[in-house]
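What Swiss-Prot says about this protein:
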| type | residues | note |
| --- | --- | --- |
| TRANSMEM | 5-25 | transmembrane segment |
| TRANSMEM | 29-49 | transmembrane segment |
| TRANSMEM | 65-85 | transmembrane segment |
| BINDING | Gly72, Thr75 | Na(+) binding site |
| TRANSMEM | 94-114 | transmembrane segment |
Amino acid sequence: MKELLIIGIGGFIGAILRYVISGIIPAKFGIPTGTFIVNLIGSFIVGFVMYSSTVIDISPEYRLLIITGFCGALTTFSTFSYETFSLIENNEHIKFLTNIFINVMGCLIMIYVGRIMSLTILR
């Protein structure tokens, strides 16, 4: 029960932040920029926390709060999928491919950046 409350608190904060970021960042070049930004932020945080936990002790409760709760609500693959599918439905083939590429590559890069920053700061 304690774990569910911890996840819920993180999820509450992550969901609100996602709503705010998605609402204030308009689409650029026909690409859903808000979703892209929250996915980059979430990927960085996951990379940072997961690699930090290899150097310092991060309690399971904090990992649940940050990764499962906060990042789980902040980032969203379902919204990314819907928005990407909408681009292909509207025959926006270049935007469709661009959206997939920048989201996947951007998030992989942010995992790496989070890892590097974590290992640099904590050593």
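Placement of Cβ uses the backbone N, Cα and C atoms for every residue, glycine included.
Not measured: the values here are computed from a predicted model.
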Helix, strand or coil: which one is Gly72 (Na(+) binding site) in, per DSSP? helix
Candidate with the highest Cβ count within 10 Å, taken from the binding-site residues Gly72, Thr75: Thr75
Spatial neighbours of the transmembrane segment (94-114) far in sequence, C-beta under 8 Å, 6+ residues away: 29-32, 35-36, 39-51, 80, 83-84, 87-88
Going along the chain, which residues at least six beyond the ends of the transmembrane segment (65-85) come within the CB cut-off of under 8 Å? 6-15, 17-18, 32, 35, 38-39, 41-43, 45-46, 49-50, 96, 99-100, 103
